[in-house]
Each structure stands twice: as structure tokens, then as C-alpha cells.
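K.L.:
Pasting a structure here, questions to come.
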């Protein structure tokens with residue numbers, strides 16, 4: 001959600017900090033700020049509401065200069081978006097930036113006010129600044145003051161602290177919110193995402209839960225929760241240099257929609273061998289665990305939850321294994337029964353989703369045989385804390401509304417289904433080879449769906465004045481309808497809901513009139529006749545129908561509603577295929593509405609707070 005960048009260098013860091021914030025804009029934010037400290041102990045703090053560009057102009061105008069600094073993009077949780085609530089926050093000579101939520105901030109605020117501290121903002125972060133300032137009065141160092149302060153905090157935090165009296169040092173602390181140290185030569189860095197630091201380093205170490213670190217120009221010292229000096233492995237970052245380049249595309253989301261054929265191809269690479277799923281390529285020793293699985297529990301949020309809902313159909317139909325899918329924020333707060341030989345699967349693009357991480361940590365104490373994650377970021381907390389990981393190969397996804405991460409998650413889930421089905425003897429060699437062939441054809445089939453971009457753009461004009469939309473689907477196309485409704489509401493701000501088509505007469509039919517667009521996913525399959533009956537129910541009440549189907553479904557001759565007739569694809573991969581034209585529909589509607597497609601209001605790319 002929020003973004004953090006910090007630097008200690010022998011050169012001016014103002015440009016480094018601002019560049020880092022620009023690289024984190026995709027995560028979502030409503031305000032931004034920097035604090036820069038020079039060797040003459042002069043600290044400059046500048047904060048602005050709105051885009052990082054406004055902050056950049058202010059930094060240039062104020063001639064901000066110094067070798068140590070911290071910067072932040074804020075997504076409001078406590079206190080409205082305003083300059084006074086933007087980070088960095090200051091207490092005396094202490095400046096602080098923070099990601100996360102301090103759950104006991106109100107109690108701490110009362111104590112600090114009794115000590116004479118005056119609060120300038122309405123944020124929870126300001127208590128950290130005052131706590132550190134208080135502890136520094138008796139501590140021997142900034143490191144000791146931060147260590148004493150953070151043990152008083154309850155909740156999630158990734159925080160970076162700077163002291164005006166110590167202009168060549170930063171102290172950072174992590175609990176529940178990711179932080180990564182970047183190593184340079186005569187300079188070192190800190191950020192909430194390694195992408196922020198790609199212009200200055202490719203050597204990274206990821207802090208673990210409870211770590212506190214002291215960063216200077218020439219050294220990094222890391223201490224665990226017990227205060228013991230520890231080392232964290234330094235990784236050589238292997239990131240896409242051109243991920244931030246939109247190229248010929250107007251938006252990152254559009255670029256990422258069109259990247260899906262190659263993203264799926266990359267996700268399949270190495271995972272198929274001699275016409276079968278290469279189980280060892282899923283994860284080393286995965287076969288030993290997967291062969292014993294008798295139940296699947298999927299936990300995820302948002303788009304990833306919708307991917308899990310599709311996979312439930314596959315697990316039960318292909319692998320003949322029971323599967324539950326839960327929203328992570330619900331799963332972690334209820335009493336659940338763990339089935340024997342049950343595998344927990346978490347799904348997340350970023351691997352830092354707070355509720356999903358919390359659910360994983362709870363589940364690991366609850367008797368699951370193993371915890372697996374399907375994730376797009378190899379260095380993420382979910383990957384590090386799971387027993388094994390099955391990585392999507394979507395590449396960096398910058399648009400807040402997920403596209404290629406969703407379709408590559410589905411690709412991994414289908415591969416996993418086939419692997420379990422074979423290991424448990426529930427899938428014949430011929431059946432496995434047929435599914436594998438369907439997956440191998442999928443990238444080129446999605447390319448054929450992208451050809452319909454102009455036709456879908458024309459269709460989107462009908463939605464220019466609409467405030468509501470319904471999406472309908474049956475079977476595994478119901479969660480595809482759910483995902484399509486989510487995309488539309490995320491980026492166009494149209495109120496969109498999805499229903500299992502058979503539920504129409506149980507309530508949603510009351511909403512149908514001549515002003516209500518109804519989008520139906522209706523390829524030819526065993527449920528098509530049922531879907532056609534639901535379409536007739538909408539037609540009879542004058543609803544505006546938009547049907548996405550294939551030639552075999554027989555909608556070409558229809559004159560009283562609009563259709564996008566797509567090429568036929570194999571049934572098993574059809575849910576992935578139909579996702580793509582529906583993504584295009586949401587994208588073009590958002591363009592007509594004039595919204596911020598890549599950074600929709602109130603939303604963040606990585607939801608790192610609960």
C-alpha cells in the first residue's frame with residue numbers, strides 16, 4: 001500500500017528518494033513526502049498531497065540537498081489525506097516514515113500526551129516519532145531508542161527513523177510490513193519494495209519478522225527480535241529493467257493484458273516434459289506431499305480469491321479431491337476444522353498481502369500437513385514462510401487491477417490439479433496429455449482473443465452513462481463473472497455485481513430493467529442450455545444483454561442483444577481464455593469514464609495492512 005525509500009550516501013540523495021517514490025507509484029497512494037539531512041545537521045521536510053510529481057517540483061524548488069534521507073508515499077488509514085498527515089512525521093530531532101497500522105496507538109497517544117507531547121497530525125505513525133524521541137533521552141544510541149520504542153507497539157509496521165544529530169545513519173524496524181535493504185558501495189538503502197532501488201543497486205537483503213537494522217554508508221548491522229546480531233542472505237536482484245516502460249501502450253493495465261500470452265508461456269516453461277506435468281518443476285520434493293493430499297484449503301483475497309474459486313471446480317472435477325476456498329480476512333477470524341492430510345494453498349500476486357500472511361501463520365499452527373503458496377514475487381514473505389512455493393512467471397505487474405497475475409495463477413492451479421490427479425491415480429495418461437495440450441495451445445488462443453480489442457472497445461460505448469452492471473456465469477464461469485465484476489468496479493467505479501446465473505430468480509431479477517446492462521459468459525458446454533434460459537429471463541424483462549460466447553453456442557443470429565463471438569477453446573482452459581476479453585471490456589469502459597486506470601482511487605497494489 002504505502003511506499004518507503006531511504007538512503008545513506010556520500011552523494012545527494014534527494015533525487016534517489018524521489019525516483020524511488022516514482023517507482024512505487026503503482027502501489028497506490030494519496031500523498032507523499034521526503035526528509036533530507038545534510039552533514040551540517042540541517043533537516044528539510046517537504047510533504048505534498050497528490051502525485052509524486054508535485055513533491056518532486058517542491059524538492060527542486062526548495063533546493064533540497066543532503067546525504068541521508070527518507071521518503072514515503074501514503075495511503076490513508078488513520079487521518080484524511082492532507083499535508084499534515086503525510087509522512088515523514090517529526091518529533092524534535094527525530095523524523096519517521098512508517099507502513100502498517102499501530103493498533104494500540106490511542107493508548108500510546110494518551111501516555112505521550114501526559115508526558116507533554118503535542119500531536120500535529122491524526123495519524124498512528126506520529127506515536128512512533130514521539131516514542132523514539134522519548135527513548136532517545138536515556139538511550140545510548142538511536143538503535144537502542146528504536147529497539148525500546150518498537151517493543152511497545154502492537155500491530156504491523158515497517159518503519160525508518162532518522163536523527164538530526166546523527167546525519168549519517170538510519171535505523172529501521174520490521175514487523176508485519178516488508179522492508180528490504182539495498183547494498184551499494186559507500187552507500188546503502190532501505191525500501192518497502194526492491195523496485196524502488198533498481199536505479200542504485202541490485203543487491204538486496206530482506207529483513208525478517210522482528211528485525212531491527214542500523215544502516216550507515218559503509219555498513220549494515222541487523223539484529224533479530226531477541227537483540228542478537230544476525231546476517232540475512234544477500235540476493236542478486238533479477239528484475240525486468242523495462243517493466244516501467246509502457247512502450248506503445250497507453251496504460252500499464254493495457255500493456256499487461258496484452259502481455260498475457262507470453263506470461264502464460266513463461267509460466268508453463270519447464271513445467272511440462274514429454275507431454276506431462278513436470279512435478280519436480282513445481283517445487284523440489286513436491287511429489288511426496290502432493291501424493292498424500294486428501295483435501296485442499298485455498299486462502300486468498302480479491303482477484304486471487306476468484307482464481308481459487310475457479311480452481312475449486314478443477315480440484316473436484318479433475319483431481320477428485322475436496323476443496324474449500326476462503327477469503328483470508330474471514331478465515332483467520334473463525335474457528336475452522338482441519339481435514340486429515342489437508343494442504344493449505346495461499347494465492348497472492350505480491351506475496352505481502354497482510355490478511356493472507358496472517359492466515360498462513362495461523363494455519364501453520366493448526367495442523368495442516370503443509371503450506372504451499374502460488375505467488376509472483378520470489379522474495380516475498382509468503383514465499384519465505386511457506387513450506388514450498390509454485391511461482392507464477394507473470395513478470396512485474398504495475399497496474400493496480402490485476403490481469404496477468406490472475407491468468408498465470410490459474411495456469412499454475414491447473415498444472416497443480418493435473419499433478420495431484422496423476423499422483424493419486426485419478427487421471428489417466430491420456431487425460432493428462434489432453435489437458436497439457438490445452439495449456440500449450442492457450443497462449444496463441446489468447447492472442448486470438450486480443451484481436452477482438454476494437455470490437456470490445458466499440459461495445460464499451462454502451463456503458464458510458466451506466467452506473468450499474470450485472471455479470472452472470474455458471475459453473476467455473478461464475479468466478480470468472482466475479483472477477484470481471486471486480487475489474488469493472490475497480491477501474492471504472494461502476495457498481496458491478498456477479499451472480500451465479502441460476503440465482504437470478506432468487507433476487508437479482510428484481511434489478512433488471514431497460515437500463516441495466518447484463519454481461520453473460522456463455523460458451524458452449526454442458527450448462528449452456530441452462531444459461532440460455534437465464535438469458536431469456538433477462539430478455540423478457542428488457543435487460544440490456546451482452547453475451548461473450550463461441551460460435552458453437554449459436555448466438556450469431558440474435559438481433560436483440562449484442563454478442564462477442566470468440567473462437568472455440570478446450571473446456572478446461574476456457575475460464576482462463578474468457579477472462580481476457582472481459583478484462584478488455586473493463587479497460588475500455590474505464591477509458592470512456594475517464595478514470596485513473598492504473599491507479600484507481602482508494603486502492604493499492606499490495607494491501608500490506610489488515
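Backbone N, Cα and C define each Cβ position, glycine as well.
Dumping what Swiss-Prot says about this protein:
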type	residues	note
DOMAIN	2-218	domain 'Glutamine amidotransferase type-2'
ACT_SITE	2	active site, nucleophile
DOMAIN	286-426	domain 'SIS 1'
DOMAIN	459-600	domain 'SIS 2'
ACT_SITE	605	active site, for Fru-6P isomerization activity
K.L.:
Tell me, what is the mean pLDDT of the domain 'SIS 2' (459-600)?
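P.N.:
Here the mean pLDDT over the domain 'SIS 2' (459-600) amounts to 93.
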K.L.:
If you draw a 10 Å sphere on the Cβ of residue 2 (active site, nucleophile), how many other Cβ atoms land inside?
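P.N.:
A 10 Å sphere around the Cβ of residue 2 (active site, nucleophile) contains 29 other Cβ atoms.
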K.L.:
Which residue counts does DSSP yield for the domain 'SIS 1' (286-426) in the helix, strand and coil classes, in that order?
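P.N.:
Helix (H, G, I), strand (E, B), coil: 60 helix, 29 strand, 52 coil.
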K.L.:
With DSSP helix as H/G/I and strand as E/B, how many residues of the domain 'SIS 2' (459-600) fall in helix, strand and coil?
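P.N.:
Grouping H, G, I as helix and E, B as strand yields 70 helix, 29 strand, 43 coil.
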K.L.:
What does DSSP call residue 2 (active site, nucleophile) in the simple three-state scheme?
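P.N.:
DSSP call for residue 2 (active site, nucleophile): coil, neither helix nor strand.
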